[in-house]
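Listed features, source Swiss-Prot:
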type	residues	note
REGION	1-94	region 'Disordered'
CARBOHYD	23	N-linked glycosylation site
COMPBIAS	28-49	compositional bias 'Basic and acidic residues'
COMPBIAS	50-63	compositional bias 'Low complexity'
CARBOHYD	74	N-linked glycosylation site
TRANSMEM	127-147	transmembrane segment
ACT_SITE	310	active site
TRANSMEM	795-815	transmembrane segment
TRANSMEM	843-863	transmembrane segment
CARBOHYD	865	N-linked glycosylation site
CARBOHYD	873	N-linked glycosylation site
TRANSMEM	893-913	transmembrane segment
TRANSMEM	918-938	transmembrane segment
TRANSMEM	965-985	transmembrane segment
CARBOHYD	1011	N-linked glycosylation site
TRANSMEM	1015-1035	transmembrane segment
TRANSMEM	1052-1072	transmembrane segment
TRANSMEM	1084-1104	transmembrane segment
């Protein structure tokens, strides 16, 4: 028998109607409109001061005036404690129970106290408040601006020329499972260039190429082909090179079946283990006369040269820490676009730990005081970065400044390398023609087959690499001319007018105008002269080496005292310019050709430092620069015009004061960003001027440089302005030819990158060098301004990984707000409503706290790091290489705005992501409704009775078996990421079912359960990207028929809480409210999750899964406490509830 109140006979709408017996049309729009008539009538009677009607209605109501029992999400009746207290914030007729639950209390039915019954408002999950909408639009707008800037502004020009080759590969089948357990998965090949290499015998120096993440063994072909052609066409005909120990290179390459090493640490270790055995096998080939064709007088090779691309460079460094590493088998490593400083992504715990082990080993090795204690003393490491065009791995991560001292390695950008002068993307660095030529020639230059290591000593190797990869203008550049022997005997007439007056500039607009060989002698100022003199020379003509017969040669000469009957046969080259005069002077001269610096040609017709396929080849400028102390032992600089016919070409040479050509602008970064910086080069200026701006260090900012036009007073310009921007460390230079405007960006101090072994001085910053025509007697005005729109694009590469962490910061705060409201009012509000509430208080307070935290750590950092700069060998055991790992990866107060900026972007992303999830669940719900079959002969009433149940709880045994099988698979065969993906799919289906019930049978309980499952689904989706990479690696291993069980990620505890929680939600159980202090546990867990995601999430993203897993563990426990909070409630997780489920209303 039904129980009715005098005010209304409608039952509580908060109690869900049972799905199996639900009448979906009962709550249709039509019925809800008709049920509104009694309320309207009551209101009308009340306004007319007439007694209300006491007639009893059989229709359902929104409120049951006495509700001794409440129902959960599946309709199960839950007994509630009887003690009650009135809630001050509850509406009339609502009371708060002892455990914090809102209930209705019985109201005395008198004509004066009759209150019309109203249905609780339906809270649509699609609804969004104006403030949340504005925040989402601002966030998405800023994200679009960042993406648009990254593809349209501050872009480096693409200048790679195409390369060609004729490759062939010989598989070394004898390297099988007898040598390594991984031989069934990986393969070793020997590269051979067709038409050049006649067989597969090894006869040269072994070089091992290691492909990168998902790379192919065939990527070795551009560099290997260039090496084969260069030796065949040039080196084998160079007797001096052959005598110096140069031989051809035998390139070995490894087929890793395109393994994904960036996402899986164990794969990285497996490759390193395999390669160590491969190196041992490769070295053994040179001992086997059947496959080796070498001079028996040469020593057997004991080491290989390693060339690594991308993650292959990390694998190369990992080889040296593996137990099966053969000592001294690797002493030269060249890497291209390899992320040495930190992992490209931090989704895998083993990857992060492997990186830490590798980097700690290298730092510890180079921190040893004595060479005998350093296992890496003979190892050189050169890291080559592609620059701004590399959008796969941030080039900031290629830095090795925090790993090796400059005596053993360095980082250089391709835009710095002479005759390359262009940025490259992640793949182009392998096939770029001008770059591969430099790499091949540099390797040949360090080869010496007369040594067992097959390479020159470490110091000589470093000297060679600096010569090939650096500009030659760095402070560490070594000048070769002062250390060489005199090679040229120059004889000049004493009465010649070829001596330039001291202090004057030599300017030649054309060569060979005298019709004979002519020498211009420039006196060298004495060492220690005031002004710190330096000599500079610029020409568009190639400088001759001793014995060559070109157009121009530069010599440093000393007067030879006249002695009777002295022999001059010791000079390989002699030039007599005395014309038979009796009064002549002989000079012993050294050639400056070894120290020539190549600069990109800058004329009125050039646009880029490089030329492309099909374009006319551009001859670079030749530049010399010496401090007076470097050439103080000589008396003259001789500029010799060797051509006797008029030839186009210019020469500008001068001695200038260092103080006139160098200046430092001490301007704060804030002032520069606000007002810009202006300076001018005076009319009477040196040919080369340099301006250093110490405040320009951040890689997050971009600038625009503008140079005014110079007036040459009618004379033709010798050359157009040439600008070089450069950093001292890492070695990054960019050239701008025919410069009028230039876009300036750099790879300096970058987020999340460890500090260098030797702390950077405050004076280190971006520098600009200007080569301008000094014959143009007009000043040049230069302006440097910040490019704010261009700077937005720099955030993309540096902060794209924040989307693995900061959205969880937002989601955790929203979930926390939803639970707090639910425990207080009994309403589990939708996700967007929770987001709106968080935007009003929680998120701003949290962002303010995080900003203050970053500011405080930035203030304390300098004092704690002061000891970094005083270390005996360049590093320190107390140096904190992880202090940039937190929050936004930088302690610069200028970038504190990035914290709220990233948060507002994540608010927009979370909003869009939420709507995408809503769309997905609704579409799946519609599809599920369409596939539901209802025969046409079934009437409407019967069709309502046949509505399928939303939640059928399987038997406890079946649920336990399913869970046990899944966990058993995790323990033995599949990674736990697979189980997590299954859990996400199950949760999606649960959310779809909850959405169908909530939309068809609108009630508070159904709405609560749907909003709860939807929010849990959103949380799991944001955790999913952290788990997907490992799952992809596992699928890839299956695809390559590698059936060995996955050797990592089998911890069932890492996924069991999620499985239990998702299984519980499939039964339709709503999480119970907690009115005691235990509700603060959920709040603290979600608060801690939000803080952890913001502070540590970017660097340790893999830990976010564990944090969310612990939250799922707690929620599963709360689910087990449906009746009371006790451990006995745990049995409810897998107990059948069909017996206690009510099919309709209680009689």
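Backbone N, Cα and C define each Cβ position, glycine as well.
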*Winner by Cβ pairs under 8 Å against the transmembrane segment (893-913), considering only 127-147, 965-985, 1015-1035, 1084-1104*: 127-147
*asked:* Under 8 Å between C-beta atoms and at least six residues away from its ends: which parts of the chain pack against the transmembrane segment (965-985)?
replied: 1017, 1020-1021, 1023-1024, 1027-1028, 1030-1031, 1034, 1045-1046, 1048-1052, 1054-1056, 1058-1059, 1062, 1105
_Rounded Cα separation (Å) that holds between residue 310 (active site) and residue 1011 (N-linked glycosylation site)_ = 44
*Close approaches to the transmembrane segment (795-815) from elsewhere in its chain (Cβ under 8 angstroms; 6 or more beyond its ends)*: 146-147, 149-150, 345-347, 391, 394, 396, 699-700, 750-752, 831, 834-835, 838, 842-843, 846, 888-889, 898, 902-903, 906-907, 909-910, 913, 1015, 1018-1019, 1022-1023, 1025-1026, 1086-1087, 1089-1091, 1093-1094, 1096-1098, 1101, 1104, 1108
*Mapped DSSP class for residue 310 (active site), helix or strand or coil*: coil
*Per DSSP, residue 1011 (N-linked glycosylation site) is which: helix, strand or coil?*
helix
